[in-house]
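Okay, structure first, notes after.
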Amino acid sequence: MAHRPRWTLSQVTELFEKPLLDLLFEAQQVHRQHFDPRQVQVSTLLSIKTGACPEDCKYCPQSSRYKTGLEAERLMEVEQVLESARKAKAAGSTRFCMGAAWKNPHERDMPYLEQMVQGVKAMGLEACMTLGTLSESQAQRLANAGLDYYNHNLDTSPEFYGNIITTRTYQERLDTLEKVREAGIKVCSGGIVGLGETVKDRAGLLLQLANLPTPPESVPINMLVKVKGTPLADNDDVDAFDFIRTIAVARIMMPTSYVRLSAGREQMNEQTQAMCFMAGANSIFYGCKLLTTPNPEEDKDLQLFRKLGLNPQQTAVLAGDNEQQQRLEQALMTPDTDEYYNAAAL
């Protein structure tokens with residue numbers, strides 16, 4: 001295996017300081033070396049257990065410490081989750097992600113989580129989960145059930161992290177990523193722009209991710225969604241160009257990773273999203289809600305895909321099982337009519 005050089009903070013800072021158009025040009029060149037620039041991975045995220053989380057993440061409406069009006073819900077029944085997965089597949093998603101508001105999963109819930117993974121995989125979808133901290137045995141059980149990806153974000157730089165979260169250390173997050181990797185599960189890990197961090201902190205986050213023994217296969221870059229009742233509700237808005245710049249630097253530093261536009265897309269206009277794709281983003285969450293915050297509706301995404309000439313990426317599925325791909329491709333070729341806008345909900 002070829003030696004992979006480690007990034008330094010000064011190198012990453014230099015990327016952030018490049019003229020934006022030069023940075024975008026470099027990022028697009030890197031992107032085209034490893035990916036089809038017209039292909040975008042489409043994923044769906046479902047909250048399988050909502051609210052009442054004991055953590056104190058200052059951005060999160062699911063924390064039990066903040067009064068956001070969010071109603072806590074118990075872990076969903078397995079069949080409810082699988083029905084949502086069927087709908088996601090019919091709408092064109094190729095990966096189904098399941099998120100639970102926990103510090104860590106309880107052992108009593110593991111059999112249900114395993115059944116969810118097995119059921120999603122049986123549909124020909126990729127399965128992803130985000131459940132908090134994992135033990136080695138839990139990671140291995142999920143791997144044995146067939147889990148493809150595990151999401152556990154670093155959120156920000158090690159230096160700024162303590163300003164946002166105190167109930168889980170940065171090292172705990174790194175340890176969970178290591179356990180997931182050792183179990184043979186692919187890693188999904190990224191962060192949030194807009195927490196009040198500096199450009200140096202954004203560089204520090206990407207430095208941590210890119211310098212992992214193996215960089216994450218998937219890197220979600222979130223724009224802070226400000227929720228009333230959370231400590232960050234009054235944070236300044238993120239400048240669109242600053243966000244696009246972060247996407248571009250992530251693409252250059254992790255050339256073979258999927259860079260995902262995650263939370264905050266509802267706040268972005270089409271032009272901003274288009275520039276994110278130009279900067280190297282090639283994955284989105286598809287659907288009307290990301291856990292507990294809004295996300296663009298499916299029909300808006302299909303419309304944007306058509307305008308930009310983008311296509312949903314196919315995934316390896318069971319032989320002959322390409323129904324969701326055909327459905328989405330048909331929707332992409334349909335004019336802007338009432339029928340088109342209903343296509344994603346079929």
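Cβ from N, Cα, C; glycine included.
As written in Swiss-Prot, here are the features:
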DOMAIN    38-256  domain 'Radical SAM core'
BINDING   C53, C57, C60  [4Fe-4S] cluster binding site
BINDING   C97, C128, C188, R260  [2Fe-2S] cluster binding site
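Annotated features taken from Swiss-Prot, shown on the structure.
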residue: C53; record: [4Fe-4S] cluster binding site; DSSP (3 states): strand
residue: C60; record: [4Fe-4S] cluster binding site; DSSP (3 states): coil
residue: C97; record: [2Fe-2S] cluster binding site; DSSP (3 states): strand
residue: C128; record: [2Fe-2S] cluster binding site; DSSP (3 states): strand
residue: C188; record: [2Fe-2S] cluster binding site; DSSP (3 states): strand
residue: R260; record: [2Fe-2S] cluster binding site; DSSP (3 states): strand
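Of all the binding-site residues listed (C53, C57, C60, C97, C128), C97 sits in the most crowded Cβ setting, with the most other Cβ atoms within 10 Å. Neighbour counts of Cβ atoms within 10 Å were compared for the binding-site residues C188, R260, and the top value is held by C188. Here the candidates are the binding-site residues C128, C188, R260. The one whose C-alpha lies nearest to that of C57 ([4Fe-4S] cluster binding site) is C188. Here C97 ([2Fe-2S] cluster binding site) is positioned 18 angstrom away from C60 ([4Fe-4S] cluster binding site), judged by their C-alpha atoms. Within 8 Å of the centroid defined by the CB atoms of C97, C128, C188, R260, the record's [2Fe-2S] cluster site, lie the Cβ atoms of S43, L45, R95, T130, Y149, N151, S218, P220, F285, excluding the listed residues themselves. Here the CA atom of C53 ([4Fe-4S] cluster binding site) lies 21 Å from the CA atom of C188 ([2Fe-2S] cluster binding site). Between the CA atoms of C53 ([4Fe-4S] cluster binding site) and C97 ([2Fe-2S] cluster binding site) there is a gap of 19 Å, rounded to the nearest whole number. Surrounding the centroid of the Cβ atoms of C53, C57, C60, where the record places [4Fe-4S] cluster, the chain contributes additional residues within 8 Å, namely E55, D56, Y59, P61, Q62, S63, A101.
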